[in-house]
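According to TrEMBL, the heme c 1 binding site annotation covers Cys86, Cys89, His90. The feature heme c 2 binding site is assigned by TrEMBL to Cys229, Cys232, His233, Met310.
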Amino acid sequence: MKKSTGAILLLTTLAICALLVSCFFSDSGRKENRADAAPLMLPAAHILEESIQPIPLTVNLDPNKVALGQQLFHDGRLSHDNTIACANCHSLAKGGTDQMVHSTGIGGAQGGINSPSVLNSGGNFVQFWNGRAATLEDQVNGPTHNPKEMGSNWPEIIGKLSKDDKYPALFAKLYPDGVQPQNVRDAIATFERSLTTPNSRFDKYLRGDDAVLTTQEKHGYRLFKEFGCVSCHQGQNLGGNMYQQFGVMANYFKERGTPETDDDQGRFTVTKREQDRHVFRVPSLRNVELTAPYFHDGTATTLPQAVEIMAKYQLGRPLAPEDLVDIVKFLQTLSGDQKGN
């Protein structure tokens, strides 16, 4: 009798579990197939399970180095003719870029590549589109010495800064050896690391504020994940943490309609390995609505155009017009609080 009762209880329990599982999956399937599917909800407890993380609200940096770096970042004397500062190509009023296809350097020289945003650049695993600088400190050497950008050199720069009325004292307070190239690089890099943009609407959503996004924006995020965009654009910066070939599913450079340049070769220019041709550091999508034109060549003039190009050449799929709109709406939630001048 006891065995019979136990068997009945076991069968009953299994039947109830099967019914619950069946209801869960059938209901889930119906929701996914409905045009008005419920938006993705992310309670605060699930933040750590997301591949995208909010930017920390504060950054622990030496405020005196940040202030010195800010002055240097805006100082045209880092260029040969005293006309071009870091801020010319990385304006904090323009999303950390100059919003130009190619930047203009000393003497009106035109560069060959689109300036990436300096905002949140401290979160990138390497610097420049082709990753040729490992750190922000190393990155400073690039534009200051490039003849099409600032066209200077360290003896010239240090000579100018050492004759300034204020710089020697400011450097002496922070660096025992005073005005030296490594200290200029350190101060500028420290300032650049301070240029984080926390508290975007999407970050608030990740922290548990479900009402901060619209249903359309949440649906755009759902599509961003389902279509595979998140495979390259994830982490705090939604990018900047890996390399990827431009044109995985189709030949972007062949179909672009303009001849290839050295800058189109990407990481190949650094490694000389054929597998690195057309490979670039994946750009961050933080504040992406502010940083047009897009891509290393600046060919996409609008955010919808950039999303369509990515869908075709990276994902190999066309986007329905309504899906394109929703993804763009999601991307526009990634603009955070900006600081600096």
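Placed from the backbone N, Cα and C atoms, the Cβ positions cover glycine too.
Here the features listed in TrEMBL are painted onto the structure.
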| residue | record | contacts (Cβ under 8 Å, 6+ apart) |
| --- | --- | --- |
| Cys86 | heme c 1 binding site | Leu72, Phe73, His74, Leu78, Val118, Pro143, Ile188 |
| Cys89 | heme c 1 binding site | Thr97, Asp98, Ser103, Ser115, Pro143, Glu149 |
| His90 | heme c 1 binding site | Phe73, Gly96, Thr97, Asp98, Ser115, Ser117, Val118 |
| Cys229 | heme c 2 binding site | Met310, Leu315, Ile327 |
| Cys232 | heme c 2 binding site | Gly239, Met242, Gln244, Val282, Gln314 |
| His233 | heme c 2 binding site | Ile52, Phe224, Gly239, Val282, Leu285 |
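Under the three-state DSSP scheme, Cys232 (heme c 2 binding site) falls in the coil class.
The DSSP secondary structure for Cys86 (heme c 1 binding site) is helix. The heme c 2 site, placed at the center of the C-beta atoms of Cys229, Cys232, His233, Met310, has further neighbours from the same chain whose C-beta lies within 8 angstroms: Phe224, Gly228, Val230, Ser231, Gly239, Val282, Leu285, Gln314. Taken residue by residue with DSSP, Met310 (heme c 2 binding site) is part of a helix. Annotated heme c 1 site Cys86, Cys89, His90; additional same-chain residues within 8 Å of its Cβ mean position, judged by their own Cβ, are Phe73, Ala85, Ala87, Asn88, Ser91, Asp98, Ser103, Ser115, Val118, Pro143. Spanning the listed heme c 2 site, residues Cys229, Cys232, His233, Met310 have a farthest Cα to Cα distance of 12 Å. In the shown protein chains, 21 other C-beta atoms lie within 10 A of the C-beta of Met310 (heme c 2 binding site).
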